Amino acid sequence: MEDKRQRARVQGGWATPTKSQSATQPASPARSRLSQTAGPAWRSKEQQQCDRQFVFKEPQLVVRAAPEPRVIDREGVYEISLSPTGVSRVCLYPGFVDLKEADWILEQLCKDVPWKQRMGIREDVTYPQPRLTAWYGELPYTYSRITMEPNPHWLPVLWTLKSRIEENTSHTFNSLLCNFYRDEKDSVDWHSDDEPSLGSCPVIASLSFGATRTFEMRKKPPPEENGDYTYVERVKIPLDHGTLLIMEGATQADWQHRVPKEYHSRQPRVNLTFRTVYPDPRGAPR
């Protein structure tokens with residue numbers, strides 16, 4: 001009987017460690033590492049990757065903004081662009097004709113120039129041009145499918161203005177296109193003075209009389225824009241009574257211009273655009 005109790009105590013000693021043994025026995029290294037893992041070691045790599053958290057980030061959008069128009073309203077020479085075609089340059093001379101003389105000239109032009117409203121053609125549809133025009137020069141001039149017949153009978157005041165511009169700019173001209181904007185509803189749409197008869201880099205001298213109107217320019221877009229003018233450079237030039245504007249260099253090749261309609265009432269305005277027309281486009285300067 002004593003032997004059975006002794007064997008039971010011995011067997012119990014193997015089954016349950018004493019408190020002192022439990023306190024001093026170090027934990028198994030393998031079990032410590034296992035308890036620190038995120039999951040059982042037998043899980044596949046694919047299952048462990050599914051437990052990862054991914055943070056979604058919005059893609060950064062490239063926002064294109066149309067550039068603000070450049071305003072030119074002071075006397076000076078301005079190079080507005082440089083391209084393989086060349087330098088595009090405008091020269092602004094406010095007060096080229098003083099106010100008193102400009103008033104007299106405006107009165108003479110409104111009265112004596114043979115103004116006429118011509119029919120334009122756009123996409124095979126004819127429409128009355130929203131302005132009056134007249135042509136002076138020994139050669140005809142064709143633009144926008146409209147042909148202006150030769151008119152060598154220059155008014156003395158027009159010949160005097162042509163000579164004055166030539167003396168002050170060192171440019172020469174043999175023709176003149178006159179535009180009469182009767183009110184704020186008259187305008188001219190986007191275009192370039194790039195007809196073959198003018199040569200590749202024509203010089204255009206624009207002299208204004210009467211109400212101030214805004215002369216707007218926009219650069220022609222590169223080929224990758226597919227004719228979209230949304231993001232091109234733009235220029236605005238207020239043309240006052242007696243102001244002279246010269247466009248030269250690659251301006252007609254690289255830029256378009258217009259005089260838009262106005263929202264507010266405008267008094268009459270006359271614009272004289274002097275240019276050189278060549279009888280044979282093959283002989284025009286390139």
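Backbone N, Cα and C atoms are what each Cβ position is placed from, and that goes for glycine too.
According to Swiss-Prot, the region 'Disordered' annotation covers 1-46. According to Swiss-Prot, the feature compositional bias 'Polar residues' maps to 17-38. Annotation source Swiss-Prot lists substrate binding site at W115, Y141, T142, Y143, D194, citing similarity to another entry. If you look up Swiss-Prot, you'll see 172-278 marked as domain 'Fe2OG dioxygenase'. The (4R)-5-hydroxyleucine annotation in Swiss-Prot covers L177 and is backed by similarity to another entry. Swiss-Prot lists L177 with the feature (4R)-5-oxoleucine. Residues annotated as 2-oxoglutarate binding site in Swiss-Prot, with similarity to another entry given as evidence: N179, F180, Y181, R269, V270, N271, L272, T273, F274, R275. What Swiss-Prot lists as Fe cation binding site is H191, D193, H257.
Close to Y141 (substrate binding site) in the fold, though at least 6 residues off in sequence, lie W135, T147, M148, S175, L177, E195, S197, V277, each with a CB less than 8 Å from its CB. Nearest to V270 (2-oxoglutarate binding site) in space, judged by Cα atoms and limited to the binding-site residues W115, H191, D193, D194, is W115. When the Cα atoms are compared, Y181 (2-oxoglutarate binding site) and W115 (substrate binding site) turn out to be 11 Å apart. The CA atom of F274 (2-oxoglutarate binding site) is located 15 Å away from the CA atom of Y143 (substrate binding site). If you draw a 10 Å sphere around the CB of H191 (Fe cation binding site), it holds 12 other CB atoms from the protein chains shown.
Mean predicted confidence for the domain 'Fe2OG dioxygenase' (172-278): the pLDDT average there is 97. Ranking the binding-site residues N179, H257, L272 by the distance of their Cα atoms from the Cα of D194 (substrate binding site) places H257 first. Excluding H191, D193, H257 themselves, the residues of that chain whose CB lies within 8 A of the CB mean position for the Fe cation site are, in sequence, V188, W190, S192, D194, Q252, Q256, R258. Comparing H191 (Fe cation binding site) with N179 (2-oxoglutarate binding site), their Cα atoms are 15 Å apart once rounded. Annotation note: the residue listed as '(4R)-5-hydroxyleucine' sits in a strand segment as assigned by DSSP.
Under the DSSP three-state reduction, Y141 (substrate binding site) is assigned to strand. For the binding-site residues D193, H257, L272, a Cα to Cα distance of within 10 angstroms from W115 (substrate binding site) holds for none. Between the alpha carbons (Cα) of N179 (2-oxoglutarate binding site) and Y143 (substrate binding site) lies a span of roughly 14 Å. Put simply, D193 (Fe cation binding site) is 8 Å from Y143 (substrate binding site) when counted between their Cα atoms.
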